[in-house]
Amino acid sequence: MNTLTGAWDWLGDPAHWSGDDGVWHRLAQHLVLTVVCLVISCLIALPVALVLGHLGKGGALAVNISNIGRAVPTFAVLVLLLLTPLGKWGEGPTVVALVLFAVPPLLTNAYVGMREVDRSVVRSARGMGMTGRQMLFHVELPLSLPMVMNGVRIAAVQLVATATIAALAGGGGLGRIITAGFNLASTPQVVAGAILVAVFALIVEGIFEIAERLAPRCARGIR
Amino acid sequence: MTAPPDDCLARNEWICGEYLSTRRQILLDAVVQHLQLTAVSVLVGLVIAVPLAVLARRWGWAAGPVLAVTTILYTIPSLAMFSLLLPVYGLSATLVVSGLVLYSLTLLVRNILAGLRAVPEETRQAARGMGYGPIRLLLTVELPLAVPASMAGLRIATVSAVSLVTVGAIVGFGGLGNLIYAGMNTYFKAQVLTASVLCVVIAVAADLLLLAVQRLITPWTRAARG
């Protein structure tokens, strides 16, 4: 209980919220890293997954890439990138590592979603004379949207977690409050930072949960 | 004064045979610690997850809260999870194990529950008709049929645990993660690369091992397919 009140006091001190090491600045860094990397990963992964899913090719790769992503430790990749020439370029290693770990869930979910679209619906679309492009955008994509969005949600949560670990390798973000706490041997600061990170992650998860509930019925999928 | 040796260690190369031979003991210790942390956490997770999943299956109302809590636990990033446990366990291996148990628990409960739910109602009724009591039904029919789904969860949980142990380096108990952390601070490329590759090797080996175990204990899944 002592540590919790300590953490509470740490969070209550306005001095800890301002400045370059302050909570607001770290929160902004974390948010920018997450959003920017989510957009980059979506731009890379979704077109590839949608085209592969539409053509029905490259399935083994698209499905197995998630397993590969899980086996490779994020911390190891962050440190490896830091020691390459890329490491001199500020947040470079963090951005690359974040994108690398957000792409697999996006790719796998979007691909599986595309392949799970009822084949008879796809065939009737073809029978109606739809072109490949029309089928992709008017039939397959809308029907696979719930799975695609599930992938985006998993990727977003993964990004928040990886961005936190990036602090161990010198990256910015809320994780820095935790690592600084460890360096100062200040348990209250460590716990305060952890609470901030956990709340941030739960808010991100919550936003997707609410978006899913508010989405029109057709986009929600039948589960 | 002798001239500094001009080997791959002095040149700080990524791949270095010299590193492997001179630091063999350090690497071995790190691998052993990595394996211990992973094995203990996954096993403890399994021991807790099975009763939880069985209870959630028995009492439908318990499934919602159990799944909600595990989802929330899984959303919390690993570094934050370890940090939240710091006041409870201090800088110890128990802290890393507890954090990993919570993550494995999440994956295992979901998969075991899915496996139990997938047992066909006819099978259950047939067993009851043959005079099976609830305990015998659970132990000899439901749990064995849930093994494939549970093993899938166990494999994911183990591979994730191998990868997450490295984050334990923040409290000094990260197995190979300790070497990566130390290598980062000293820009020791060979150490970081060797430890990272070993992590992936352990994860792949554990996954294949569990796959082999699954094939051994569920011979019927192959017979049905072939």
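Glycine too: its Cβ is placed from the backbone N, Cα and C atoms.
Those TrEMBL annotations? Automatic predictions, nothing curated.
Copied over from TrEMBL, here are the features:
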type: DOMAIN; residues: B:31-210; note: domain 'ABC transmembrane type-1'
type: TRANSMEM; residues: B:35-54; note: transmembrane segment
type: TRANSMEM; residues: B:66-89; note: transmembrane segment
type: TRANSMEM; residues: B:95-116; note: transmembrane segment
type: TRANSMEM; residues: B:162-181; note: transmembrane segment
type: TRANSMEM; residues: B:193-217; note: transmembrane segment
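Across the candidate stretches B:35-54, B:66-89, B:162-181, the maximum count of CB pairs under 8 A to the transmembrane segment (B:95-116) is reached by B:35-54. For the transmembrane segment (B:162-181), the list of distant contacts is 26-27, 30-31, 33-38, 78-79, 82-83, 86, 91-93, 95-96, 99-100, 103, 191-192, 194-196, 198-199, 202-203, 206: same-chain residues at least six beyond its ends, Cβ to Cβ under 8 Å. Long-range neighbours of the transmembrane segment (B:35-54) within the same chain, counting only residues 6 or more positions beyond its ends whose Cβ lies under 8 Å from a Cβ of the stretch, are 66, 93, 96-97, 100-105, 108-109, 112-113, 116, 138, 143, 154, 157-158, 161-162, 165, 168, 173, 175, 202, 206. With a cut-off of 8 Å between Cβ atoms, the residues of this chain six or more beyond the transmembrane segment (B:66-89) that come close are 52, 55-56, 95-96, 98-99, 102-103, 105-107, 109-110, 113, 164, 167-168, 170-171.
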